[in-house]
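Student: Please find one structure pasted underneath; my questions will follow.
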Amino acid sequence: MIELRNVTKTYPNGTKGLSQINLTIEKGEFIAIVGLSGAGKSTLLRSINRLHDITEGEILIDGKSITKAKGKELRMIRRNIGMIFQSFNLVKRTTVLRNVLAGRVGYHSVPRTLLGMFPKEDMELAFQALDRVNIVQKAYSRADELSGGQQQRVAIARVLAQEAKVILADEPVASLDPLTTKQVMDDLKRINTELEITTIVNLHFIDLARQYATRIIGLQAGEVVFDGPVSEATDERFAEIYGRPIQQDELLEEAAV
Amino acid sequence: MKAQSELRQQPLRPKAPVKIKHYFTVAIVLLLLWGSAVQTEATFGELIQGLPNMLDLLKEMFPPKWSYLDNIWAAMLETIRMALLGTTLGAILAIPVALLSAANIAKRKWIYYPVRFLLNLVRTVPDLLLAALFVAIFGLGALPGIFALAIFSLGLIAKLSYEALETIDPGPLEAMTAAGAHPIQIINYGVVPQIRPHFISFVLYTFEINVRAAAVLGLVGAGGIGHYYEVTLGFLEYDKTCIIIIVTLAVVLLIDYISSKLREKLI
């Protein structure tokens, strides 16, 4: 369970990134965070694993405060939270397998990982993870030889090998075409239902959010302006929130045509 | 046609920038060159007057005394060994220095500014002066030469590496941080794979330079082939000097060739 209590983020220049956010996210939920660019979607997601520090409030992960955690304690909390990025963030010069194994380093001592010696179980986990996203054939290819969609699936495998209990995905399909978008979102959804991994995805497309999520959170200027089930997140409702009709480029189906 | 183009309203075009700055720069550079020549009393007249002397020297250099080759092989090999050890030692020392100098890795200004300052300080000392200093400390021989080359290599490799470090993709570092990796693990898995080929290339390049540098370190008593330059020149045995020059040239060319081929393969 993830709890955000009165979370506020003010940048040094005074602009508010997030203001007074209160959310409770239960285990196994598939949440889509939608909003215009600059609404604070990415800031919110990166606050959860503390890639960004918040200025007020507190964030609890399974009852432990990540806001107050330091050093090893912080790393232990982060180990349970996998992250997927818009630009994949793989090491391009190394093999797919090594990229996936990199997700395991949090479980081992520094000297052991310096030698690159991973136990057999880790290799097994890595291969299983690659199998789950149907990319096991590419295990020994260099990451930069893969297409964008394949690289994103490797990134998902890295999170699976990490044995994360939560997945944060920051615009995971923003640099992919509609077909690979569907494959990657299908993978995320399957992992969410099969392994009961809580998944929080930032999405630009409202229809994509409706298609995959169980709950939608709408952000505007750093505030939660919508929080409810998919059935309530209609175009009309969002038109009301945004103060203008939903535009074509905010819908994947329309943009694809 | 003409009428049509007149009808279309012409958008305002920006004025071409004034070129006076370029002319000014060229004038200043020329002035500096001329001034330097006057101050150092370097004239073309003297160059031409010196030509006969140069020809005499060349005449005395030929035919080279090939038998002298046996005497200098050991010193030539020592030169290469000095370059090898100096470069390796410097490369190892350069790793932490480069990491601490890179703003994206050290992150804190109070770390990377002082380290960079020290690095720049080290780089201002010429290698020959370093060698002379170490000879004063450790005495004659190859050891002071190796230390001098190590310090020189440290400066060069650390400088090139930290600049390369600052251009790496921050994505993998962010991903490793998010996965709960220890700072050393972040460097090992996010930074090292990105910088490794560049680093090896810098080390090879430094080795090329060090072979050439090691060849003259003997002039200040820091071992290697340089000692033989001094001796043969001192006794006016130019035919022997010629052999040393030929051997040095051959070795440097060979090492440069191999090293640059290797570097091509890396990046």
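The backbone N, Cα and C atoms fix where each Cβ goes, and this holds for glycine too.
TrEMBL labels come from automatic prediction, so no person has curated them.
Pulled these features from TrEMBL for this protein:
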{"type": "TRANSMEM", "residues": "B:20-37", "note": "transmembrane segment"}
{"type": "DOMAIN", "residues": "B:76-259", "note": "domain 'ABC transmembrane type-1'"}
{"type": "TRANSMEM", "residues": "B:83-106", "note": "transmembrane segment"}
{"type": "TRANSMEM", "residues": "B:127-157", "note": "transmembrane segment"}
{"type": "TRANSMEM", "residues": "B:209-229", "note": "transmembrane segment"}
{"type": "TRANSMEM", "residues": "B:241-259", "note": "transmembrane segment"}
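I would like each feature placed in context: is it buried or exposed, what are its neighbours, and how far apart are things?
Tutor: Cβ atoms under 8 Å from those of the transmembrane segment (B:20-37) belong to residues 43 of the same chain, restricted to positions at least 6 beyond its ends.
Counting residues 6+ beyond its ends, the transmembrane segment (B:83-106) has Cβ neighbours under 8 Å at 112, 115-116, 119, 145-158, 161-162, 165-166, 168, 170, 173, 187, 191, 199, 203, 206-207, 210-211, 213-214 in the same chain.
Remote same-chain partners of the transmembrane segment (B:127-157), defined as residues 6 or more beyond its termini with a Cβ less than 8 Å from a stretch Cβ, comprise 78, 81-83, 85-87, 89-91, 93-94, 97-98, 119, 199, 202-203, 206, 209-210, 213-214, 216-224.
With a cut-off of 8 Å between Cβ atoms, the residues of this chain six or more beyond the transmembrane segment (B:241-259) that come close are 61-62, 64-66, 68-69, 72, 76, 79-80, 204-205, 207-208, 211-212, 215, 225, 228-229, 232-233.
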Student: In the same chain, which residue numbers or ranges, 6 or more beyond the ends of the transmembrane segment (B:209-229), come under 8 angstroms Cβ to Cβ?
Tutor: 71-72, 75-76, 78-80, 82-83, 86-87, 127-128, 131-132, 134-135, 140-146, 148-149, 152-153, 156, 240-241, 244, 247-248, 251-252, 255
